[in-house]
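K.L.:
I am attaching a structure below and will ask some questions about it afterwards.
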Amino acid sequence: MILPVFLYGQPVLRKEAEDVPKDYPDLKQLVANMFETMYNADGVGLAAPQVGLSIRLVVIDGDVMGDDFPECKGFKRALINPEFLERSEEEIAMEEGCLSLPGIHEKVSRSKTVRVRYWDENWEEHEEVVEGFAARIVQHECEHLTGHVFIDNVSAIRRQLNKGKLNSIIKGTVRCSYRAKAVGK
């Protein structure tokens, strides 16, 4: 089932997400719905707060980026209660976008490599080192779990230059090719 993507301005995007308990109802179905929602919106990642749920869950499928970024080939994961164990000091600045901020793309610096621990939808624990663009996707999506969005990482002047677009998103007057839920609509 395709879920609405909550847009910038929705309060759930600014909340610290809660850990997912092992007895969370219909977790596998939620993961499937989030993947379907992400694919429908042509995204490579989606966090639970973006579908209105303040829980620590993200889904990622970077495979579509595999031609340009080989580390993304086959990189499909559901990360439950993810935790960064290490982040490299070396950062790379690249342009990012977000399904919750349609039409906005800005350059953001992120760690080149991260070591992350998480559980999958079968409650199997994983710890892995993720590099390059795949690491960028993981960091971007996990940032949603802390009540932040990528625009928070750009300079005040860049945010000011995007103010009109941000207001359009909040009002719900921005055009979206996917099902979305704005504050003003």
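Numbering starts at 1 and runs along the chain as it is shown here.
Cβ from N, Cα, C; glycine included.
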K.L.:
Given that Swiss-Prot lists His140, His144 as binding Fe cation, which residue among Cys98, Cys176 does it place in the same site?
P.N.:
Cys98
K.L.:
I'm trying to understand the geometry here, so how far is the Cα atom of Cys98 (Fe cation binding site) from the Cα atom of Glu141 (active site), in Å to the nearest whole number?
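P.N.:
Answer for this pair: 9 Å between alpha carbons.
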K.L.:
Specify the count of other C-beta atoms within 10 Å of the C-beta of His144 (Fe cation binding site).
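P.N.:
Excluding its own Cβ, the number within 10 Å is 25.
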